Amino acid sequence: MNALPKTVDVLIVGGGSAGCVMAHRLSADPRRRVLLVEAGIDTPPGRVPAEILDSYPMPLFHGDTYIWPGLDAAVTRDSRGRMRRRAYEQGRVMGGSSSINVQAANRGLPRDYEAWAALGAEGWAWDDVLPYFRRLETDLDCGGPLHGHDGPLPIRRILEPAWPPFAHAVARAFDATGLPRRVDQNGEFEDGIFPPAFSNRDDARVSAAAAYLDVGTRARPNLTIAAGLEVRSLVMDGRRATGAVLRRGDGSEQQVRAASVVLCAGALQSPVLLLRAGIGPGDALSACGIPVRLDRSGVGENLRDHPALTMAQVLPRPLRLPETFRRASLLALRYSSGHPEGCASDMYLTASARAGWHALGGRLALYFLWVNQPHSVGRLRLDPANPSGPPDIDLGLLSDRRDLERLASGIRLLSDLVVSPTLNPRSDDLFPANYSPLIRRLSAVSPRNRRLTGLLAPVFDAPAMLRAPLLRAVLGGHAWATVLQDDGALDDFVRDNVFGVWHASGTCRMGRADDPGAVVDPGGRVIGTDNLSVADASVMPRLPSANTNVPTLMIAEKIAERMMVEMG
């Protein structure tokens, strides 16, 4: 890292996916002094930790090295009316969550971006954003006018000739839907069975940091990359952003002045910085003792995530992956729920041949089911008792009953598909795999957990009648088939197990400048301020029908271009 400058042209807050794009693009002009600040560690080329490079990412969620500490969220009320809370893992490392996620590289559907434009994000319809999707990628499998071939991010799939037995078995099970098998989920927009696209080359993760902060970019003398520094507050002169206060790990602070400030801290941190600067709902700011600089009611509102359920299934020995086969998520199903108030392609299901890094997880398949187009909305606020601490997050995942109904019907479909001769015909071998505190502790990589899971794993090799009591205990003593047959029991199951899939978005919603609920205009500028922009998942008006990493890269590419044009 170069010496930390006191004054720059552009200060980029957050070295996640969007921040890496911004640093790469904005520093391309050698006249422009750019500072990128990241709270976590740096991962420069040649020194990327092995666990980040690994194609199998799940252990990263269960440690604390690369995760924001103390971040949790209210999920929904459970079957007894109690508010459920759980840890909400977000990347705190160069590359942000692109350094710890499942490496999914899907874009969503054209209709997602048409909806953005209809909601006031002028210039963000499908034809407007496609050039930026193409710019960011090198698609190693698919060609044609929908794909890029010289962008920083490699995108690939495990295609059918390379499938292990598990993938073939899942595909045969999914064939029962009557939907066709397809290759390109980023170019074929109908329902179907797909090999998931992911950001990976030579069986190694390519994070946003690896893609955009390469050796050449890091060598630019006008770019400073500062890791291990947390932005505690913005510096404002009236409604004009003039810099930020940075805090080191030892508690010391330094102020940096900037002609332009860009928040790329993500949907759970960018709104926090605005709120602490007095930009947000006036009543909520006053409750925290923060003087109201700009009353923008939308800051922290419109929080969205994909409501999801996970199920595990005991795998017969022939379908288990060898430990050397690291890419475990192999098939995806995009389908339409048929809900009277749903839309086409509103559901998504993925199949992974490994539920954990250890011997126990290697005996289990893991299925992720989520609502691709949710109606439920949450919110984020500062904690009045501790405004400088972690925010108060309410995901509100089942605040709209239509999402509960689609998850319930989706779980029935999942069960019908995977409880089959091609995978495992026993319904009692399918059980919930929620991310409880116990599972999180057991999933942390350690010699103790390796020994413990090694002792438990043989249970899943035993005759079915011996493991059935253990699996029924997971369901409170009920057989899974019984839960599926009872609408009330299934609703309770959804309420007790639903969680978000780390796709937080929408808390600084983009819209028209005269929209009182919008936070940024279609150029990413914070409405009512000068020299302050936001360019990350927080600006999404609605969730795309996709994992959010690639759409976030697209957002940063587009807003970076706007800034470069304006700066000259």
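Just so you know, glycine gets a Cβ as well, placed from its N, Cα and C.
Taken verbatim from TrEMBL:
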type    : residues              : note
BINDING : V93, V231, W502, H503 : FAD binding site
DOMAIN  : 9-308                 : domain 'Glucose-methanol-choline oxidoreductase N-terminal'
DOMAIN  : 374-556               : domain 'Glucose-methanol-choline oxidoreductase C-terminal'
For FAD: widest Cα to Cα gap among V93, V231, W502, H503 in Å: 22
Taken over the domain 'Glucose-methanol-choline oxidoreductase C-terminal' (374-556), the model's mean pLDDT: 92
Around the Cβ of V93 (FAD binding site), the count of other Cβ atoms that are within 10 Å: 27
Nonlocal neighbours by CB distance (under 8 Å) for W502 (FAD binding site), same chain, sequence gap 6 or more: Y88, E89, Q90, S97, N101, D305
Residues that sit under 8 angstroms from H503 (FAD binding site) by C-beta distance, when 6+ apart in the chain: R304, D305, H306, A537, L543, N547, T548
Local backbone state of H503 (FAD binding site), from DSSP in three classes: coil
